[in-house]
Amino acid sequence: MDKVERRLYELYEKAINYEPLSKEEALYILEVDDIYVPFLVHLAQKIKKHYFPENEVEFCSIINAKSGACSEDCKFCAQSKYYKTPINVYNLVPVDEMVEGAIRGVEFGANRYCIVLSGKSATKEEVERITEAVKEIKNEGLPINVCVSAGTLDEESLKKLKEAGVKRINHNLETSRNFFKNIVTTHTWEDRYETIKRIKKVGLSTCSGGIFGMGESNEDRVDMALTYRELEVDSIPLNFLMPIEGTPMENAPGVEVMEALKIIAMFRFTNPKAELRLCGGREQNLRDFHGMATLMTNAMMVGGYLTRAGRDIKKDYQLLKDLKAKRKVSVE
């Protein structure tokens with residue numbers, strides 16, 4: 001081993017022992033020369049294997065249950081009312097459409113299904129309809145775990161969703177506390193942070209991640225990763241910006257392939273016990289290196305995203321076959 005490899009191995013040992021990495025140590029991972037990426041991926045894969053010995057990959061699917069007309073001004077998002085983007089706008093879909101979405105998820109082979117709503121926070125009426133849909137999915141006996149992403153939900157709404165059978169709530173920090181003001185002005189990073197704490201307080205599993213390629217620095221990426229370590233979230237979706245025409249970020253810099261692999265590895269080193277999910281932008285940003293990314297992660301989103309199409313599901317099944325990995329099938 002040379003000097004860099006020895007240093008990376010020392011950080012690997014810290015992760016294996018669940019010792020927190022410092023900000024400087026996490027930055028070191030992001031700043032190594034590209035020639036060390038294969039070694040870095042190897043170590044990240046070993047960390048994953050240590051905490052997740054089963055060679056499994058989970059498929060998760062979503063439904064865009066309420067689309068557009070959002071009151072918030074997130075600069076990356078097609079659904080904000082502030083931007084003219086080519087999307088469909090509609091209110092919360094009926095219960096049967098949410099159930100049909102779960103059926104489609106099962107057909108794709110998804111183990112998780114997330115009901116996603118645009119807007120700062122779901123109304124009481126919307127929460128009620130979601131709980132009806134969740135109960136119906138359970139009554140149908142569909143072999144899929146149900147998650148919800150509906151903004152800054154209060155404790156009462158979270159408890160209702162939990163009672164209905166929801167296992168996990170998604171609410172993304174999106175980026176670091178420091179960079180957040182550059183992408184959103186209609187609410188604060190603290191609003192999102194406190195929502196995650198409420199989710200944990202009521203005993204629901206937490207899913208919270210971010211988007212890379214919005215102009216944030218490596219320090220911002222590390223700060224977000226270390227915040228998730230502090231919060232001990234269960235699942236971290238990793239998204240790479242898909243620039244959308246009409247949004248302020250339609251010409252954002254994006255992320256290069258080697259850079260993306262380093263980001264994924266850094267999240268594995270800093271959050272070794274968390275499920276890492278490859279989500280939006282994985283097709284465009286990982287390209288021929290999808291397999292390397294999957295070695296470090298636990299899950300991937302299939303069947304498309306909120307306003308954009310996803311990868312051909314046949315390619316994801318072939319990827320699992322090539323990696324000799326099993327598709328996770330486990331209903332909580």
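Numbers run from 1 along the shown chain.
Backbone N, Cα and C define each Cβ position, glycine as well.
Feature annotation from Swiss-Prot assigns [4Fe-4S] cluster binding site to Cys70, Cys74, Cys77; the stated evidence is sequence analysis. Long-range C-beta contacts of Cys74 ([4Fe-4S] cluster binding site), restricted to its own chain and to partners at least six residues apart, with a cutoff below 8 Å, comprise Ser80, Glu174, Ile183, Val184. For the recorded site, Cys74 ([4Fe-4S] cluster binding site), the DSSP three-state label reads coil.
Feature annotation from Swiss-Prot assigns [2Fe-2S] cluster binding site to Cys114, Cys147, Cys207, Arg277; the stated evidence is sequence analysis. The Cβ of Arg277 ([2Fe-2S] cluster binding site) lies under 8 Å from the Cβ of Glu58, Cys60, Cys207, Gly209, Ser235, Ile236, Pro237, Leu238, Thr297, Asn298, Ala299, Met300, Met301, each of these being in the same chain and 6 or more residues away along the sequence.
Summarising the annotation, Swiss-Prot assigns domain 'Radical SAM core' to 52-282. When pLDDT is averaged over the domain 'Radical SAM core' (52-282), the result is 96.
Cys114 ([2Fe-2S] cluster binding site) and Cys70 ([4Fe-4S] cluster binding site) are 19 Å apart (CA-CA, integer value). Within 8 Å of the centroid of the Cβ atoms of Cys70, Cys74, Cys77, where the record puts [4Fe-4S] cluster, the same chain has further Cβ atoms from Glu72, Asp73, Phe76, Ala78, Gln79, Ser80, Ser118, Val184. Summary of the [2Fe-2S] cluster site environment: with the site residues Cys114, Cys147, Cys207, Arg277 set aside, the chain residues having Cβ atoms within 8 Å of the Cβ mean position are Cys60, Ile62, Arg112, Ser149, Arg168, Asn170, Ser235, Pro237. In sequence order, Cys60, Ser61, Ile62, Ile63, Val146, Cys147, Val148, Ser149, Asn170, Cys207 are the residues of the chain that are 6 or more apart from Cys114 ([2Fe-2S] cluster binding site) and have a CB within less than 8 Å of its CB. The Cβ of Cys77 ([4Fe-4S] cluster binding site) has 25 other Cβ atoms within 10 Å, all protein chains considered. DSSP gives Cys147 ([2Fe-2S] cluster binding site) a strand state. With all protein chains in the displayed structure included, the most crowded Cβ environment within 10 Å among the binding-site residues Cys70, Cys147, Cys207 is that of Cys207.
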